[in-house]
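Below is one structure, written out as structure tokens; comments come after it.
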Amino acid sequence: SFSPRIEVEGLVVSAEGTLCTWPDSASLLNSSHDLAQHLQMYPAFPSTLAAVKYLHTSDSLIPVISKNSVNPNTIFANNEMSLHDIEIYGFDYDYTLAFYSRHLHTLIFNIARDILIQEHRYPEGLREYEYIPNFVVRGLHYDVQKALLMKIDAFHYIQLGTVYRGLHPVPDKEVIAMYDGCHVPLENMSDFYGKSSHGHTMKQFMDIFSLPEMNLLCCVNDYFMKHNIDYEPVHLYKDVKAAIGDVHVKGIMYRAVEADMENYISYGEQTHAVLKKLYEDGKKMFLITNSPFDFVDRGMNYIVGKDWRDLFDIVIVQADKPGFFNDRRKPFRRVTDKGVLHWDRIHKLEKGKIYKQGNLYEFLRLTGWRGSKVLYFGDHIYSDLADLTLKHGWRTGAIIPELRKEIKIMNTEQYVHLMTWLQGLTGLIEHMQVHRDPASQAVVQEWIKERETKDIFNSQFGSLFRTYHNPTYFSRRLSRFADIYMASLSCLLNYDFQHTFFPRRTPLQHESPFWPEQTSAGALKMPFIPHRTTTEE
């Protein structure tokens, strides 16, 4: 009896669900009509289920390279950079030197929720909502006017299936109708710092502190919809933003953390060892943070020890980043350990003293620390890194704690099998798409549905770094504004100060013939255009 074969780069899938290698890469598909018929006739192969089953049990189909685990303590490079050239190291504080437990997110959520109820007169019923730890991921966009939370890729396209109103997904058809497709125009995207200002309707949540804010927005939206309460989404967004801001500005969060360090600060990222290593090698170090000195001092005492200030040449608190990097008007002001402000003009930034506010231009003038000999670490790609790399030529390092979890998932056998299958499935779709009859197209559509990988990372929004097969908007900004990135500062302990970080060369689409494993279906099968000789001309 006839048994259709589907061949993709040496892989043959038969209708019975058996697979074998095929030496002749020119052998491709049987007729689409027979293929569609047999896909329906054979129970073992209704779509590609038999192939999936086999791929999930066959180590022989997994490329050797995929069996090599990724070390979560690796420092990854977007841009070539040598530590040999770095003389000065700068740091943010929150989520760079100090890491916090999830208890802090719950605390911020609960306090902001209560502020909405008590000060903004929101319904008491909101107290029923609690912080949901794994609901959102960093880097999401929020449409302020439509009250929708979503993930957008590097090309401004919405990832369908990741658009949420409240705590529930919005059907794809409804999303497409609201946005006339999936593309978000540049003028509607968030501004340079991810904010919804000057006509921009989108807000991008880029720092880890934004996780409770996204949670709260979704919960309040959910309450209003559940109770059929008419509300203005713009007012809701501004009220939630104000409530979250009060948690920080009014010092509520700071006092809570200071009162229970063990519960809120994760002591395990080897911050002290990193700073000591830099200090013993004679590197200059400075701290620029938006947090107040008392909060930083107590945290660093807990993490590093009471002599932590001896390690730093300059300490600047309440810097008001990103304004610190752009606003030339704010002068530095000296502040004592007790919080007393001095009024004298600052002519030099001295070791052992604490400074407040100021601006980067004055910092550069007083220190002379310019250009690529300076490396600054922070967790917020916009507020910490963007201006430094674009305007001032500093080298930048992004701290991305989520890397540990995502790499752990990537190293699982389940993920390796899934990626192997997706590569093969993409090839199947590329070959099959040339057949336009309804039966063949129905098969292709079923295969396309199987390419979704979101759930393996986060059930609602997927990976921080990818939307379907494109990089996320977050990834795009990360690759532009960070020379290197890592899960935590402790990764520095694995490298000496002569080490050079090299980005991996990945092929551009037109370079793919030189990387056969990256070649699109048919790319090498297209005949080359012969060179014309002068006689032919």
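Positions of Cβ are set from backbone N, Cα and C atoms, glycine also.
Curation does not apply to TrEMBL; its annotations are automatic.
Summarising the annotation, TrEMBL assigns active site, nucleophile to ASP92. Sequence annotations record features per position, and here TrEMBL assigns active site, proton donor to ASP94. The Mg(2+) binding site annotation in TrEMBL covers ASP92, ASP379. The GMP binding site annotation in TrEMBL covers ASP94.
Its own atom aside, the Cβ of the residue listed as 'active site, nucleophile' has 25 Cβ atoms within 10 angstroms in the protein chains shown. In the structure as shown, the Cβ atom of the residue listed as 'active site, proton donor' sits within 10 Å of 21 other Cβ atoms. Within 10 Å of the Cβ of ASP379 (Mg(2+) binding site) there are 23 other Cβ atoms, across all protein chains.
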